[in-house]
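Listed features, source TrEMBL:
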type	residues	note
REPEAT	102-143	repeat 'WD'
REPEAT	144-186	repeat 'WD'
REPEAT	187-228	repeat 'WD'
REPEAT	229-270	repeat 'WD'
REPEAT	271-312	repeat 'WD'
REPEAT	313-354	repeat 'WD'
REPEAT	355-396	repeat 'WD'
REPEAT	397-429	repeat 'WD'
Amino acid sequence: MATKSVGRGPGKEKMKLKSLLLRYYPPGIMLEYEKSGELKTKSIDLLNLSSSTDVNALVEEIQKAEPLITASRSDQVKLLIQRLQDKLRQHSNHKFYLFKVLRAHILPLTNVALNKSGSCFITGSYDRTCKVWDTASGEELHTLEGHRNVVYAIAFNNPYGDKIATGSFDKTCKLWSAETGKCYHTFRGHTAEIVCLSFNPQSTLVATGSMDTTAKLWDIQNGEEVFTLTGHSAEIISLSFNTLGNRIITGSFDHTVAVWEADTGRKVYTLIGHCAEISSALFNWDCSLILTGSMDKTCMLWDATNGKCVATLTGHDDEILDSCFDYTGKLIATASADGTARVFSAATRKCITKLEGHEGEISKISFNPQGNHLLTGSADKTARIWDAQTGQCLQILEGHTDEIFSCAFNYKGNIIITGSKDNTCRIWR
């Protein structure tokens, strides 16, 4: 159990708890409280919660660790934990059915992304636009026009979902209103194509990674460049923030991964160990571990506190194209050009199961929010859903006529979107 605060200030003033909110994935309780007249939030992470956890003992432990949870609140906290346990028991096992096929653009698609609820999604394209779609109706809501080259990297500022960032081969990033389609800012400064981007969790910054070997942080409010992260010697192809938003990680074709302080732009560590290009780099939920995947056929696990490698995950016969943690950070999944995926335990670093069945390379892998299923997208034109513990293939999502380069769950895990080189997006639910 860990508590994370968002917001700073001296610790002496009186704090008053205003409300308690549930967070299902990963399991936790959000506290809204007042301190010196300011509303703040913190979270109690319950990453080890299971359906058999002793609730009374856990509530006692929470009360010892968190002064805001007073005795008068213990019954309420018990109820919330029981609701989280109920949610853990409802392992989603429903089948997905094709709901809509969208021919989104005339020219090739580059990426697709869902907002948190899955109510809308965005597509980027070689036609220099990003389009915003309503998932339920399949209607196009907005076309975001203004880039002068391929729109390659796209993202919503989840969990809020009211802003969209687009990164282009025209070397700029644009920030848009998801509601109106209006362009707020154009971020200029990169000297080559932008190929990856990410919002920080607080939605105050957007980070861009470029073929010019740098990453840049931009202020969402005023549209100004905040920092340039310099130090890589080849293009940056992967970039993400940790859960707290105080660290950013960049993966490069120079075979290294760098960790930076988000509020100073200072490089904290360089993770050296891979002997080929990096394909993915990310933190686990509690920010204790970093997972990196590489074209050298391995993934490496690093201690995020000191930048030391704690394990090398081997077994694939070809490049690692994608890797991820589940929401709680207990499981790791790897997807490879060898056509298989693997699941590892983050604690023991041992391989739990192999996912075999695709007939082409697997370029995307992700867990559903519940952590019991995995979704993979492959060059064999199918996406597949797997049991994360047994490795059994539960469902094949068929119908695309060319390779799938993008697939994702929404936050509830009841909608899937797939994007293919056949130039369609398919919505499954």
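Even glycines carry a Cβ here, placed using N, Cα and C.
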Could you give me three numbers for the repeat 'WD' (187-228), the DSSP helix, strand and coil residue counts?
0 helix, 22 strand, 20 coil
Integer mean pLDDT for the repeat 'WD' (229-270):
98
Should anything in the same chain at least six residues away from the repeat 'WD' (187-228) have a Cβ under 8 Å from its Cβ atoms, list it; otherwise answer none.
6, 149-150, 152-158, 160, 163, 165, 167-169, 171-175, 234-241, 243-245, 248, 250, 252, 254, 260, 262, 264-265
Looking only at the repeat 'WD' (229-270), how are its residues distributed among DSSP helix, strand and coil?
0 helix, 22 strand, 20 coil
